[in-house]
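Asker: My structure is below; once you've seen it, I'll send some questions.
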Amino acid sequence: MPIGPLTLSYGFVIAFPDIRYIKLSFAVDLLLLRHGTRSHLLWLLPLSGFLTARSTRFAVSCAFRLPCWLCRHLHLMFCPSSAIFMEGASQGRWRGRYNLIKEVGDGTFGNVWRAVNKLTGEVVAIKKMKKKYYSWEECINLREVKSLSRMNHPNIVKLKEVIRENDILYFVFEYMECNLYQLMKDRPKLFAESDIRNWCFQVFQGLCYMHQRGYFHRDLKPEYVSTRWYRAPEVLLRSYVYTSKVDMWAMGAILAELLSLRPLFPGASEADEIYKICSVIGSPTEETWLKGLNLASVINYQFPQLPGVHLSNLMPYASAEAVNLVERLCSWDPSNRPTAAEALQHPFFHSCYYVPPSLRSKQSVGQRGPLEHQQQSLKTNNKAPFNSYATSKVNAPPFGACQTQRKLEMSNKINQDTTWNKKAVGSYHVRDARYIPPPGRKSPSSMNKNWVFPRGPSETAVANAAVGGGRWRPAMKAGGTRSDLGTSLREVAPGSFLRERPGCVAPKTSLPGRLLASDLAVSL
Ligand SMILES: Nc1ncnc2c1ncn2[C@@H]1O[C@H](COP(=O)(O)OP(=O)(O)OP(=O)(O)O)[C@@H](O)[C@H]1O
(Lines of atoms letter the chains of each structure in order from A and count residues from 1; the text may use other names and numbers.)
(Lines give C-alpha, C1' and ligand atoms only; values in the text may rest on other atoms or scores of the structure.)
Protein backbone atom coordinates (compact mmCIF):
# COMPACT_ATOMS: atom_id res chain seq x y z
CA MET A 1 0.00 0.00 0.00
CA PRO A 2 1.38 3.37 -0.92
CA ILE A 3 0.94 4.80 2.54
CA GLY A 4 3.80 7.31 2.72
CA PRO A 5 3.00 9.54 -0.21
CA LEU A 6 -0.69 9.30 0.45
CA THR A 7 -0.39 10.46 4.00
CA LEU A 8 1.49 13.46 2.74
CA SER A 9 -1.04 14.19 0.08
CA TYR A 10 -3.96 13.84 2.49
CA GLY A 11 -2.47 16.72 4.38
CA PHE A 12 -2.58 18.83 1.29
CA VAL A 13 -6.11 17.80 0.48
CA ILE A 14 -7.11 19.97 3.39
CA ALA A 15 -4.99 22.90 2.29
CA PHE A 16 -6.05 22.70 -1.34
CA PRO A 17 -9.52 21.19 -1.30
CA ASP A 18 -10.39 21.88 -4.90
CA ILE A 19 -7.65 19.87 -6.53
CA ARG A 20 -9.93 17.26 -7.97
CA TYR A 21 -7.47 14.50 -8.74
CA ILE A 22 -6.26 14.51 -5.18
CA LYS A 23 -9.81 14.05 -3.98
CA LEU A 24 -10.27 11.17 -6.37
CA SER A 25 -7.01 9.62 -5.30
CA PHE A 26 -8.08 9.91 -1.69
CA ALA A 27 -11.34 8.10 -2.41
CA VAL A 28 -9.72 5.22 -4.29
CA ASP A 29 -7.07 4.62 -1.68
CA LEU A 30 -9.64 4.55 1.09
CA LEU A 31 -11.48 1.92 -0.85
CA LEU A 32 -8.33 -0.18 -1.07
CA LEU A 33 -7.64 0.18 2.63
CA ARG A 34 -11.12 -0.95 3.54
CA HIS A 35 -11.20 -3.96 1.27
CA GLY A 36 -7.59 -5.02 1.55
CA THR A 37 -6.31 -6.73 -1.58
CA ARG A 38 -9.39 -8.77 -2.39
CA SER A 39 -8.96 -10.24 -5.79
CA HIS A 40 -12.05 -8.71 -7.34
CA LEU A 41 -10.64 -5.30 -6.44
CA LEU A 42 -7.18 -5.96 -7.83
CA TRP A 43 -8.06 -4.00 -10.97
CA LEU A 44 -8.02 -0.89 -8.80
CA LEU A 45 -4.31 -1.23 -8.08
CA PRO A 46 -2.95 0.14 -11.35
CA LEU A 47 -5.39 3.02 -11.09
CA SER A 48 -4.34 3.64 -7.52
CA GLY A 49 -0.67 3.51 -8.53
CA PHE A 50 -1.28 6.04 -11.25
CA LEU A 51 -3.19 8.34 -8.96
CA THR A 52 -0.63 7.93 -6.22
CA ALA A 53 2.14 8.92 -8.59
CA ARG A 54 0.20 12.08 -9.37
CA SER A 55 -0.33 12.65 -5.67
CA THR A 56 3.39 12.32 -5.07
CA ARG A 57 4.18 14.79 -7.79
CA PHE A 58 1.61 17.15 -6.38
CA ALA A 59 2.94 16.76 -2.86
CA VAL A 60 6.45 17.56 -3.99
CA SER A 61 5.29 20.60 -5.91
CA CYS A 62 3.30 21.71 -2.88
CA ALA A 63 6.39 21.52 -0.74
CA PHE A 64 7.97 24.00 -3.09
CA ARG A 65 4.91 26.17 -3.36
CA LEU A 66 4.10 26.48 0.29
CA PRO A 67 6.66 29.23 0.96
CA CYS A 68 5.29 31.20 -2.01
CA TRP A 69 1.77 30.72 -0.75
CA LEU A 70 2.79 32.07 2.65
CA CYS A 71 4.60 35.00 1.01
CA ARG A 72 1.49 35.88 -0.90
CA HIS A 73 -0.63 35.89 2.19
CA LEU A 74 1.87 38.05 4.00
CA HIS A 75 1.82 40.34 0.98
CA LEU A 76 -1.98 40.51 1.15
CA MET A 77 -1.76 41.35 4.81
CA PHE A 78 0.57 44.28 4.24
CA CYS A 79 -0.86 45.47 0.94
CA PRO A 80 -4.65 45.69 1.17
CA SER A 81 -5.04 46.87 -2.45
CA SER A 82 -3.94 43.42 -3.49
CA ALA A 83 -7.18 41.92 -2.26
CA ILE A 84 -8.01 41.29 -5.90
CA PHE A 85 -5.33 38.60 -6.04
CA MET A 86 -6.59 35.10 -5.68
CA GLU A 87 -5.11 31.71 -5.80
CA GLY A 88 -7.63 29.77 -7.85
CA ALA A 89 -7.56 26.92 -5.37
CA SER A 90 -8.33 29.08 -2.35
CA GLN A 91 -11.31 30.48 -4.17
CA GLY A 92 -12.84 27.09 -4.50
CA ARG A 93 -13.01 26.40 -8.22
CA TRP A 94 -13.20 29.94 -9.52
CA ARG A 95 -14.36 28.61 -12.85
CA GLY A 96 -17.54 27.61 -11.13
CA ARG A 97 -18.20 31.27 -10.46
CA TYR A 98 -18.07 32.34 -14.11
CA ASN A 99 -19.84 31.21 -17.23
CA LEU A 100 -17.45 31.58 -20.13
CA ILE A 101 -19.52 32.88 -23.06
CA LYS A 102 -17.13 33.31 -25.97
CA GLU A 103 -13.64 34.33 -26.90
CA VAL A 104 -13.59 38.02 -27.80
CA GLY A 105 -9.95 38.70 -28.45
CA ASP A 106 -6.52 37.24 -28.89
CA GLY A 107 -3.65 39.49 -27.85
CA THR A 108 0.08 38.89 -27.87
CA PHE A 109 0.05 37.89 -24.25
CA GLY A 110 -3.36 36.42 -23.68
CA ASN A 111 -6.77 35.38 -24.93
CA VAL A 112 -9.76 37.32 -23.72
CA TRP A 113 -13.14 35.76 -22.98
CA ARG A 114 -16.49 37.31 -22.35
CA ALA A 115 -17.87 35.74 -19.20
CA VAL A 116 -20.70 36.19 -16.75
CA ASN A 117 -20.41 36.10 -13.01
CA LYS A 118 -22.97 33.45 -12.06
CA LEU A 119 -23.72 35.02 -8.73
CA THR A 120 -24.13 38.66 -9.70
CA GLY A 121 -24.89 38.34 -13.41
CA GLU A 122 -22.13 40.84 -14.12
CA VAL A 123 -20.49 40.55 -17.53
CA VAL A 124 -16.71 40.50 -17.32
CA ALA A 125 -13.72 40.03 -19.60
CA ILE A 126 -11.38 37.25 -18.51
CA LYS A 127 -7.91 37.38 -19.94
CA LYS A 128 -6.01 34.12 -19.77
CA MET A 129 -2.31 34.77 -20.06
CA LYS A 130 -0.43 32.58 -22.51
CA LYS A 131 2.74 32.43 -20.45
CA LYS A 132 2.80 30.27 -17.35
CA TYR A 133 3.44 31.88 -14.00
CA TYR A 134 5.13 29.63 -11.49
CA SER A 135 4.98 31.94 -8.52
CA TRP A 136 2.82 34.71 -7.18
CA GLU A 137 5.81 37.03 -7.06
CA GLU A 138 6.06 36.84 -10.83
CA CYS A 139 2.38 37.78 -11.17
CA ILE A 140 2.41 40.56 -8.65
CA ASN A 141 5.41 42.12 -10.34
CA LEU A 142 3.72 42.21 -13.73
CA ARG A 143 3.45 45.78 -14.97
CA GLU A 144 -0.18 45.23 -15.90
CA VAL A 145 -0.99 44.04 -12.40
CA LYS A 146 1.09 46.57 -10.52
CA SER A 147 -0.29 49.57 -12.32
CA LEU A 148 -3.90 48.54 -12.85
CA SER A 149 -4.43 47.42 -9.29
CA ARG A 150 -3.60 50.98 -8.26
CA MET A 151 -6.02 52.63 -10.68
CA ASN A 152 -9.47 53.41 -9.53
CA HIS A 153 -11.15 55.76 -11.93
CA PRO A 154 -14.45 55.54 -13.80
CA ASN A 155 -12.64 56.04 -17.11
CA ILE A 156 -10.03 53.36 -16.60
CA VAL A 157 -11.13 49.80 -17.08
CA LYS A 158 -11.27 48.05 -13.76
CA LEU A 159 -9.11 45.06 -12.98
CA LYS A 160 -11.41 43.12 -10.70
CA GLU A 161 -9.49 39.97 -9.92
CA VAL A 162 -6.18 38.32 -10.58
CA ILE A 163 -6.39 34.56 -10.34
CA ARG A 164 -3.61 32.02 -10.60
CA GLU A 165 -4.58 28.43 -10.97
CA ASN A 166 -2.32 25.61 -12.05
CA ASP A 167 0.34 28.17 -12.98
CA ILE A 168 -2.05 29.90 -15.32
CA LEU A 169 -2.80 33.53 -14.72
CA TYR A 170 -6.23 35.05 -15.32
CA PHE A 171 -7.22 38.69 -15.18
CA VAL A 172 -10.85 39.51 -14.63
CA PHE A 173 -11.66 42.92 -16.08
CA GLU A 174 -14.86 44.83 -16.30
CA TYR A 175 -16.25 44.17 -19.75
CA MET A 176 -16.19 46.82 -22.44
CA GLU A 177 -18.91 46.37 -25.03
CA CYS A 178 -17.37 48.41 -27.75
CA ASN A 179 -14.18 50.13 -28.82
CA LEU A 180 -13.50 53.14 -30.97
CA TYR A 181 -12.55 51.07 -33.96
CA GLN A 182 -15.86 49.23 -33.88
CA LEU A 183 -17.65 52.55 -33.62
CA MET A 184 -15.81 53.97 -36.60
CA LYS A 185 -15.61 51.05 -38.96
CA ASP A 186 -19.20 50.87 -40.10
CA ARG A 187 -19.88 54.52 -39.72
CA PRO A 188 -21.57 55.90 -42.86
CA LYS A 189 -21.20 59.55 -41.84
CA LEU A 190 -19.14 61.71 -39.54
CA PHE A 191 -19.79 61.67 -35.81
CA ALA A 192 -21.45 64.65 -34.20
CA GLU A 193 -18.69 66.71 -32.66
CA SER A 194 -20.55 66.76 -29.37
CA ASP A 195 -20.16 62.96 -29.19
CA ILE A 196 -16.47 63.13 -29.96
CA ARG A 197 -16.05 65.86 -27.39
CA ASN A 198 -17.83 63.77 -24.83
CA TRP A 199 -15.76 60.63 -25.45
CA CYS A 200 -12.45 62.46 -25.54
CA PHE A 201 -13.30 64.43 -22.45
CA GLN A 202 -13.65 61.19 -20.56
CA VAL A 203 -10.51 59.69 -21.97
CA PHE A 204 -8.57 62.79 -21.01
CA GLN A 205 -10.00 62.54 -17.51
CA GLY A 206 -8.73 58.96 -17.28
CA LEU A 207 -5.35 60.04 -18.64
CA CYS A 208 -5.19 62.95 -16.26
CA TYR A 209 -5.77 60.63 -13.32
CA MET A 210 -3.20 58.16 -14.57
CA HIS A 211 -0.54 60.73 -15.45
CA GLN A 212 -0.89 62.48 -12.13
CA ARG A 213 -0.07 59.20 -10.45
CA GLY A 214 3.11 58.83 -12.45
CA TYR A 215 1.84 56.34 -15.03
CA PHE A 216 1.24 56.69 -18.69
CA HIS A 217 -0.39 54.40 -21.19
CA ARG A 218 1.94 54.69 -24.22
CA ASP A 219 -0.09 52.46 -26.48
CA LEU A 220 -3.33 54.34 -26.98
CA LYS A 221 -5.12 53.34 -30.16
CA PRO A 222 -8.69 52.75 -31.32
CA GLU A 223 -8.29 48.92 -31.36
CA TYR A 224 -6.22 46.26 -32.63
CA VAL A 225 -4.65 48.14 -35.25
CA SER A 226 -1.33 49.49 -36.14
CA THR A 227 0.21 51.03 -33.05
CA ARG A 228 2.63 52.85 -35.30
CA TRP A 229 -0.01 55.33 -36.46
CA TYR A 230 -0.38 56.69 -32.96
CA ARG A 231 3.27 56.53 -31.99
CA ALA A 232 4.88 59.78 -30.98
CA PRO A 233 7.88 61.00 -33.02
CA GLU A 234 10.25 60.83 -30.06
CA VAL A 235 9.44 57.13 -29.77
CA LEU A 236 9.87 56.62 -33.50
CA LEU A 237 13.25 58.32 -33.23
CA ARG A 238 14.14 56.10 -30.29
CA SER A 239 14.55 58.68 -27.64
CA TYR A 240 15.91 57.11 -24.46
CA VAL A 241 13.50 59.05 -22.38
CA TYR A 242 9.90 59.67 -23.12
CA THR A 243 7.03 60.76 -21.00
CA SER A 244 3.27 60.87 -20.68
CA LYS A 245 3.33 63.27 -23.62
CA VAL A 246 3.40 60.22 -25.90
CA ASP A 247 -0.20 59.66 -24.82
CA MET A 248 -1.05 63.21 -25.78
CA TRP A 249 0.34 62.67 -29.26
CA ALA A 250 -1.74 59.51 -29.62
CA MET A 251 -4.82 61.38 -28.46
CA GLY A 252 -4.23 64.02 -31.14
CA ALA A 253 -4.10 61.32 -33.81
CA ILE A 254 -7.18 59.61 -32.38
CA LEU A 255 -9.15 62.83 -32.11
CA ALA A 256 -8.34 63.66 -35.71
CA GLU A 257 -9.41 60.19 -36.78
CA LEU A 258 -12.71 60.55 -34.97
CA LEU A 259 -13.30 63.90 -36.59
CA SER A 260 -12.51 62.74 -40.12
CA LEU A 261 -12.96 58.96 -39.97
CA ARG A 262 -9.50 58.64 -41.43
CA PRO A 263 -6.23 57.91 -39.67
CA LEU A 264 -4.12 61.04 -39.53
CA PHE A 265 -0.68 59.44 -39.94
CA PRO A 266 -1.19 56.00 -41.53
CA GLY A 267 2.47 55.11 -42.04
CA ALA A 268 3.16 51.79 -43.72
CA SER A 269 6.55 51.54 -42.03
CA GLU A 270 8.45 53.57 -39.50
CA ALA A 271 10.14 55.68 -42.15
CA ASP A 272 6.81 56.17 -43.85
CA GLU A 273 5.26 57.08 -40.51
CA ILE A 274 7.70 59.95 -40.08
CA TYR A 275 7.13 60.93 -43.67
CA LYS A 276 3.37 61.03 -43.12
CA ILE A 277 3.82 63.14 -40.00
CA CYS A 278 6.04 65.58 -41.90
CA SER A 279 3.56 65.79 -44.74
CA VAL A 280 0.77 66.72 -42.35
CA ILE A 281 2.37 68.94 -39.72
CA GLY A 282 5.46 70.00 -41.69
CA SER A 283 9.02 68.92 -41.05
CA PRO A 284 10.56 69.90 -37.73
CA THR A 285 12.99 72.80 -37.60
CA GLU A 286 15.49 73.99 -35.05
CA GLU A 287 12.78 76.29 -33.72
CA THR A 288 10.05 73.69 -33.47
CA TRP A 289 12.07 70.68 -32.25
CA LEU A 290 15.79 70.98 -31.92
CA LYS A 291 15.97 67.89 -29.75
CA GLY A 292 14.23 65.90 -32.46
CA LEU A 293 16.81 66.94 -35.03
CA ASN A 294 19.50 65.75 -32.63
CA LEU A 295 17.71 62.46 -32.09
CA ALA A 296 17.48 61.99 -35.84
CA SER A 297 21.16 62.70 -36.34
CA VAL A 298 22.09 60.14 -33.69
CA ILE A 299 20.44 57.42 -35.75
CA ASN A 300 21.66 59.00 -38.96
CA TYR A 301 18.20 59.82 -40.15
CA GLN A 302 17.28 62.80 -42.30
CA PHE A 303 13.83 64.29 -42.14
CA PRO A 304 12.16 64.89 -45.48
CA GLN A 305 11.64 68.59 -46.07
CA LEU A 306 7.89 69.06 -46.32
CA PRO A 307 5.79 72.14 -45.57
CA GLY A 308 2.78 70.30 -44.12
CA VAL A 309 -0.83 71.26 -44.58
CA HIS A 310 -3.44 72.98 -42.53
CA LEU A 311 -5.18 70.39 -40.43
CA SER A 312 -8.49 72.04 -41.17
CA ASN A 313 -8.10 70.78 -44.74
CA LEU A 314 -8.05 67.25 -43.47
CA MET A 315 -11.03 67.80 -41.20
CA PRO A 316 -13.04 70.48 -42.96
CA TYR A 317 -16.13 69.85 -40.88
CA ALA A 318 -14.37 70.07 -37.55
CA SER A 319 -14.71 73.18 -35.43
CA ALA A 320 -11.76 75.51 -35.12
CA GLU A 321 -11.42 74.44 -31.48
CA ALA A 322 -11.18 70.79 -32.41
CA VAL A 323 -8.60 71.49 -35.10
CA ASN A 324 -6.61 73.60 -32.69
CA LEU A 325 -6.60 70.86 -30.08
CA VAL A 326 -5.34 68.30 -32.61
CA GLU A 327 -2.67 70.76 -33.67
CA ARG A 328 -1.54 71.27 -30.11
CA LEU A 329 -1.56 67.60 -29.25
CA CYS A 330 0.37 66.66 -32.36
CA SER A 331 3.24 69.05 -31.78
CA TRP A 332 6.68 67.78 -32.61
CA ASP A 333 8.13 68.95 -29.35
CA PRO A 334 6.58 67.00 -26.45
CA SER A 335 6.94 70.04 -24.22
CA ASN A 336 4.60 71.95 -26.53
CA ARG A 337 1.87 69.36 -26.18
CA PRO A 338 -0.65 70.11 -23.46
CA THR A 339 -0.82 67.80 -20.49
CA ALA A 340 -4.06 65.87 -20.02
CA ALA A 341 -5.11 68.36 -17.35
CA GLU A 342 -4.42 71.24 -19.72
CA ALA A 343 -6.24 69.53 -22.56
CA LEU A 344 -9.32 69.31 -20.35
CA GLN A 345 -9.22 73.10 -20.09
CA HIS A 346 -9.10 73.54 -23.86
CA PRO A 347 -12.03 75.49 -25.38
CA PHE A 348 -12.99 72.34 -27.27
CA PHE A 349 -14.19 70.97 -23.96
CA HIS A 350 -15.83 74.10 -22.59
CA SER A 351 -19.32 72.77 -23.03
CA CYS A 352 -18.38 69.68 -21.02
CA TYR A 353 -18.19 71.72 -17.87
CA TYR A 354 -21.27 72.34 -15.87
CA VAL A 355 -22.10 76.01 -15.58
CA PRO A 356 -24.69 76.85 -12.94
CA PRO A 357 -27.83 78.42 -14.43
CA SER A 358 -27.22 81.63 -12.53
CA LEU A 359 -23.93 82.11 -14.37
CA ARG A 360 -25.26 81.22 -17.81
CA SER A 361 -25.70 83.94 -20.37
CA LYS A 362 -29.17 85.53 -20.28
CA GLN A 363 -29.06 86.06 -24.04
CA SER A 364 -28.80 82.46 -25.05
CA VAL A 365 -30.95 82.40 -28.13
CA GLY A 366 -31.33 80.49 -31.37
CA GLN A 367 -30.23 76.92 -31.75
CA ARG A 368 -27.27 77.01 -29.42
CA GLY A 369 -27.58 75.60 -25.98
CA PRO A 370 -26.74 77.84 -23.07
CA LEU A 371 -23.28 76.36 -22.61
CA GLU A 372 -22.33 76.69 -26.22
CA HIS A 373 -23.69 80.19 -26.23
CA GLN A 374 -21.56 81.10 -23.28
CA GLN A 375 -18.55 79.67 -24.99
CA GLN A 376 -19.37 81.74 -28.04
CA SER A 377 -19.68 84.92 -26.01
CA LEU A 378 -16.29 84.23 -24.48
CA LYS A 379 -14.88 83.96 -27.94
CA THR A 380 -16.43 87.15 -29.25
CA ASN A 381 -15.21 89.03 -26.23
CA ASN A 382 -11.79 87.70 -27.17
CA LYS A 383 -11.13 86.46 -23.66
CA ALA A 384 -8.68 83.60 -23.57
CA PRO A 385 -10.10 81.83 -20.54
CA PHE A 386 -6.92 79.95 -19.62
CA ASN A 387 -4.20 82.48 -20.06
CA SER A 388 -1.85 80.70 -17.72
CA TYR A 389 -1.53 77.88 -20.25
CA ALA A 390 -1.30 80.22 -23.18
CA THR A 391 1.50 82.28 -21.73
CA SER A 392 3.48 79.30 -20.62
CA LYS A 393 3.93 78.19 -24.22
CA VAL A 394 6.19 80.51 -26.12
CA ASN A 395 5.57 79.12 -29.57
CA ALA A 396 2.01 78.14 -29.10
CA PRO A 397 -0.79 80.60 -29.69
CA PRO A 398 -3.23 80.81 -26.81
CA PHE A 399 -6.17 78.49 -27.24
CA GLY A 400 -8.71 81.26 -27.27
CA ALA A 401 -6.75 83.72 -29.35
CA CYS A 402 -6.21 81.42 -32.26
CA GLN A 403 -9.82 80.55 -32.86
CA THR A 404 -10.89 83.40 -35.09
CA GLN A 405 -7.65 83.15 -36.98
CA ARG A 406 -8.07 79.42 -37.53
CA LYS A 407 -11.59 79.89 -38.80
CA LEU A 408 -10.37 82.38 -41.38
CA GLU A 409 -7.54 80.11 -42.37
CA MET A 410 -9.91 77.25 -42.66
CA SER A 411 -12.26 78.95 -45.07
CA ASN A 412 -9.35 80.23 -47.14
CA LYS A 413 -7.65 76.90 -47.26
CA ILE A 414 -10.72 74.97 -48.22
CA ASN A 415 -11.02 77.18 -51.28
CA GLN A 416 -7.45 76.71 -52.36
CA ASP A 417 -7.16 74.83 -55.59
CA THR A 418 -4.37 72.41 -54.81
CA THR A 419 -4.37 68.72 -55.50
CA TRP A 420 -4.13 67.97 -51.82
CA ASN A 421 -7.07 70.11 -50.92
CA LYS A 422 -9.20 69.00 -53.79
CA LYS A 423 -8.75 65.39 -52.90
CA ALA A 424 -8.98 65.85 -49.22
CA VAL A 425 -12.05 68.06 -49.24
CA GLY A 426 -13.72 66.02 -51.95
CA SER A 427 -13.32 62.84 -50.00
CA TYR A 428 -14.58 64.44 -46.83
CA HIS A 429 -18.10 65.03 -47.98
CA VAL A 430 -20.22 64.19 -44.97
CA ARG A 431 -22.52 61.87 -46.82
CA ASP A 432 -19.58 59.96 -48.25
CA ALA A 433 -17.53 59.86 -45.10
CA ARG A 434 -16.53 56.31 -44.36
CA TYR A 435 -13.96 54.90 -42.08
CA ILE A 436 -10.77 53.85 -43.80
CA PRO A 437 -9.81 50.58 -42.20
CA PRO A 438 -6.30 49.93 -40.98
CA PRO A 439 -3.96 47.88 -43.17
CA GLY A 440 -4.38 44.81 -41.03
CA ARG A 441 -7.90 44.72 -42.33
CA LYS A 442 -7.25 46.17 -45.74
CA SER A 443 -4.01 46.34 -47.65
CA PRO A 444 -2.06 49.60 -47.51
CA SER A 445 -2.18 49.88 -51.28
CA SER A 446 -5.95 49.81 -51.39
CA MET A 447 -6.02 52.17 -48.46
CA ASN A 448 -3.95 54.71 -50.32
CA LYS A 449 -6.71 55.12 -52.86
CA ASN A 450 -8.71 56.86 -50.21
CA TRP A 451 -5.96 58.52 -48.27
CA VAL A 452 -3.95 60.63 -50.65
CA PHE A 453 -0.67 62.04 -49.52
CA PRO A 454 1.43 64.31 -51.70
CA ARG A 455 4.14 62.08 -53.03
CA GLY A 456 7.43 63.70 -53.69
CA PRO A 457 10.82 62.39 -54.61
CA SER A 458 11.75 62.63 -50.96
CA GLU A 459 9.46 59.80 -50.00
CA THR A 460 11.65 57.18 -51.59
CA ALA A 461 14.64 59.00 -50.26
CA VAL A 462 13.26 58.76 -46.77
CA ALA A 463 12.51 55.11 -47.09
CA ASN A 464 16.01 54.56 -48.37
CA ALA A 465 17.47 56.71 -45.66
CA ALA A 466 17.11 53.71 -43.42
CA VAL A 467 20.75 53.54 -42.71
CA GLY A 468 22.64 51.77 -40.04
CA GLY A 469 24.93 53.25 -37.50
CA GLY A 470 22.40 53.90 -34.79
CA ARG A 471 22.78 52.30 -31.43
CA TRP A 472 20.40 49.73 -30.15
CA ARG A 473 18.08 51.31 -27.67
CA PRO A 474 16.11 49.50 -25.09
CA ALA A 475 12.44 49.64 -25.80
CA MET A 476 10.00 50.04 -22.96
CA LYS A 477 8.03 47.04 -24.13
CA ALA A 478 9.51 43.94 -25.60
CA GLY A 479 8.57 42.11 -28.75
CA GLY A 480 8.26 43.42 -32.25
CA THR A 481 10.21 43.73 -35.39
CA ARG A 482 13.26 45.20 -36.94
CA SER A 483 13.02 48.87 -37.46
CA ASP A 484 13.15 50.23 -40.96
CA LEU A 485 14.88 53.25 -39.53
CA GLY A 486 18.08 51.32 -39.45
CA THR A 487 18.71 50.08 -35.97
CA SER A 488 17.18 47.07 -34.38
CA LEU A 489 14.39 48.93 -32.76
CA ARG A 490 11.93 46.80 -30.92
CA GLU A 491 8.52 48.04 -31.80
CA VAL A 492 6.28 49.06 -28.98
CA ALA A 493 4.07 46.04 -29.06
CA PRO A 494 0.35 46.64 -29.06
CA GLY A 495 -0.85 46.30 -25.58
CA SER A 496 -3.86 48.23 -24.68
CA PHE A 497 -6.81 50.05 -25.94
CA LEU A 498 -9.11 52.87 -25.73
CA ARG A 499 -12.59 51.73 -25.04
CA GLU A 500 -15.81 53.50 -24.99
CA ARG A 501 -19.44 52.70 -25.04
CA PRO A 502 -21.66 54.37 -27.59
CA GLY A 503 -24.66 56.47 -26.89
CA CYS A 504 -23.53 58.40 -23.88
CA VAL A 505 -24.44 62.00 -23.42
CA ALA A 506 -23.54 63.22 -19.98
CA PRO A 507 -19.82 62.83 -19.50
CA LYS A 508 -19.77 63.18 -15.76
CA THR A 509 -22.36 60.57 -15.04
CA SER A 510 -21.96 57.94 -17.73
CA LEU A 511 -18.84 55.93 -18.35
CA PRO A 512 -18.25 55.33 -22.02
CA GLY A 513 -14.70 56.56 -22.45
CA ARG A 514 -12.49 54.00 -20.77
CA LEU A 515 -8.83 53.38 -20.97
CA LEU A 516 -7.99 49.77 -21.17
CA ALA A 517 -4.68 50.26 -19.62
CA SER A 518 -2.89 46.99 -20.01
CA ASP A 519 0.27 48.70 -21.14
CA LEU A 520 0.81 51.27 -18.49
CA ALA A 521 4.31 52.50 -18.04
CA VAL A 522 5.73 54.39 -15.15
CA SER A 523 6.74 57.96 -15.79
CA LEU A 524 10.41 58.59 -15.59
N1 LIG B 1 -12.06 44.51 -20.82
C2 LIG B 1 -12.32 44.10 -22.05
N3 LIG B 1 -13.58 44.11 -22.51
C4 LIG B 1 -13.86 43.69 -23.76
N5 LIG B 1 -12.95 43.23 -24.63
C6 LIG B 1 -11.67 43.20 -24.24
C7 LIG B 1 -11.29 43.62 -22.94
N8 LIG B 1 -9.96 43.48 -22.83
C9 LIG B 1 -9.54 43.00 -24.00
N10 LIG B 1 -10.56 42.82 -24.87
C11 LIG B 1 -10.51 42.27 -26.22
O12 LIG B 1 -9.47 41.32 -26.28
C13 LIG B 1 -8.51 41.69 -27.25
C14 LIG B 1 -7.13 41.31 -26.74
O15 LIG B 1 -6.83 42.12 -25.63
P16 LIG B 1 -5.45 42.03 -24.89
O17 LIG B 1 -5.45 43.04 -23.81
O18 LIG B 1 -5.15 40.64 -24.57
O19 LIG B 1 -4.37 42.29 -25.93
P20 LIG B 1 -4.04 43.53 -26.78
O21 LIG B 1 -3.52 44.58 -25.89
O22 LIG B 1 -5.19 43.83 -27.67
O23 LIG B 1 -2.95 42.97 -27.71
P24 LIG B 1 -1.45 42.80 -27.41
O25 LIG B 1 -1.33 42.07 -26.13
O26 LIG B 1 -1.06 42.01 -28.60
O27 LIG B 1 -0.89 44.16 -27.34
C28 LIG B 1 -8.73 43.16 -27.48
O29 LIG B 1 -8.41 43.50 -28.78
C30 LIG B 1 -10.19 43.35 -27.21
O31 LIG B 1 -10.90 43.09 -28.39
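Including glycine, each Cβ sits where the backbone N, Cα and C put it.
Feature table excerpt (TrEMBL):
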type     : residues : note
DOMAIN   : 98-349   : domain 'Protein kinase'
BINDING  : Lys128   : ATP binding site
REGION   : 363-383  : region 'Disordered'
COMPBIAS : 373-383  : compositional bias 'Polar residues'
Asker: What count of other C-beta atoms do you get within 10 angstroms of the C-beta of Lys128 (ATP binding site), across all chains shown?
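Answerer: Neighbour count, Cβ to Cβ under the 10 Å cut-off: 16.
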Asker: Over the domain 'Protein kinase' (98-349), what is the model's mean pLDDT?
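Answerer: Summarising the domain 'Protein kinase' (98-349) by its mean pLDDT gives 92.
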Asker: According to DSSP, which kind of secondary structure is Lys128 (ATP binding site) found in, if we only use helix, strand and coil?
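Answerer: Note: Lys128 (ATP binding site) is in a strand by DSSP.
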